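Undergrad: What Swiss-Prot records for this protein is below:
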type	residues	note
BINDING	R48, R54	NADP(+) binding site
BINDING	R125, S126, S127, N241, A242, G285, K300, P301, T302, S303, S304, R326	FMN binding site
Amino acid sequence: MSYNTFGHIFRVTTWGESHGPALGATVDGCPPGVAIEAEAIQHWLDRRKPGQNRFTTQRQEPDAVRILSGTFEGRSTGTPIQLMIENTDQRSKDYGEIARSFRPGHADIAYHWKYGLRDYRGGGRSSARETAARVAAGGVARAALAALVPGLRIEGYMVQIGPHAIDRARFDADEIERNPFWCPDSDTAALWADYLDGLRKAHDSVGAIVEVRASGVPAGLGAPIYGKLDSDLAAAMMTINAVKGVEIGEGMAAACLTGSANADEIRMGPEGPEFLTNHAGGILGGISTGQDVVVRFAVKPTSSILTPRRSVTTDGCEVEVVTKGRHDPCVGIRAVPVGEAMMACVLLDHLLLDRGQTGGLRGTIG
């Protein structure tokens, strides 16, 4: 199996399976001298780990990260950083009944067609368990960004679960860390809680939309045509399990706007040009403008549910499949820190690319 690595200069290779002994990431291209401690990476992993509330899978994994290489006396050496997370709460017996059946909505049948075999225990490599390694790598990227661009901030939050979207007029950033949904609207968070409780009782699941915003991003990251910042961000978000669509800025809604409404006007401010709006999501022509970079991605409903569904076996027999085990009623909840991690990795990669190409040179206005 190839294609386990992403990035250009800051490169991340993830490895491991859901029910294997461990999983992790090899991070290459981190600049030397960056302060990197396991405790700091653990902070980001703790935001993603399962079993923290009734709205996520009850699999109990501490997700304790170990740094095996690439640091000395708490700082990066410039050599590959190896991160490892042990799996401690696998229940492979939960999947014995589907060893020869394909779960509808899962990668099972596609893996079987491509490779001729598959790890049926929790999806193996296709499990969202793999994203723990991405969050660990994102912790390294955040540390490097903090050293190189001190004012840069990345924050993700849920904006919709099922048909229920937040009220943007009630957006409160302080609310994001106060509820299990990373929701910036307390009223909607309460609605989501009742909604998900009902779905859990009905043995069903639902999709969601996550928004990730990066502020303090320097202007000039990205490149025209094939090196666009937004194309790399979209590709990164699409690699997250269950993601089925990505928007930058106004996204699909831009198709409903007129040119006069969508184009972000510019005026001269005390410190230079200022945009009056941000429909572009902080990126024009594939290059960052200095405004907030705004990305949204849609996550499909969890495919593992207790409702019987029709499928087939490896022998070609028709069967009904009930997916046992411990699963999230809405995988979008734990996708929030994963989206943040992917944003961090892509921004650091483009920052290093830009420094290599332009040396930080910038055009001036005024």
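Counting starts with 1 at the first residue shown.
Even glycines carry a Cβ here, placed using N, Cα and C.
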Undergrad: Given a 10 Å Cβ-Cβ cut-off, pick out the one of the binding-site residues R48, R54, R125, K300 that has the most other Cβ atoms nearby.
TA: R48
Undergrad: According to DSSP, which kind of secondary structure is R54 (NADP(+) binding site) found in, if we only use helix, strand and coil?
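TA: Note: R54 (NADP(+) binding site) is coil by DSSP, not helix or strand.
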Undergrad: Cα of R54 (NADP(+) binding site) to Cα of K300 (FMN binding site): how many Å, rounded?
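TA: That comes out at 19 Å between the alpha carbons.
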Undergrad: So, in DSSP terms, is R125 (FMN binding site) helix, strand, or coil?
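TA: Where R125 (FMN binding site) sits, the three-state DSSP reduction gives helix.
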Undergrad: Take the Cβ of T302 (FMN binding site) and count every other Cβ within 10 Å, whichever protein chain it belongs to.
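TA: I get 22 for this one.
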Undergrad: Determine the most Cβ-crowded residue among the binding-site residues S127, S304, using a 10 Å radius around each Cβ and all protein chains in the structure.
TA: S304
Undergrad: Which chain-mates of A242 (FMN binding site) that are at least 6 residues away have a CB under 8 A from its CB, listed by sequence?
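TA: Spatial neighbours, sequence-distant, of A242 (FMN binding site): A128, G207, V299, K300, T302, S303, V331, G332, A335.
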Undergrad: Between S304 (FMN binding site) and R48 (NADP(+) binding site), how many Å separate their Cα atoms?
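TA: Just about 19 Å between their Cα atoms.
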Undergrad: In whole Å, how far is R48 (NADP(+) binding site) from S127 (FMN binding site) when you measure between their Cα atoms?
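TA: Checking the Cα atoms of S127 (FMN binding site) and R48 (NADP(+) binding site) gives a distance of 14 Å.
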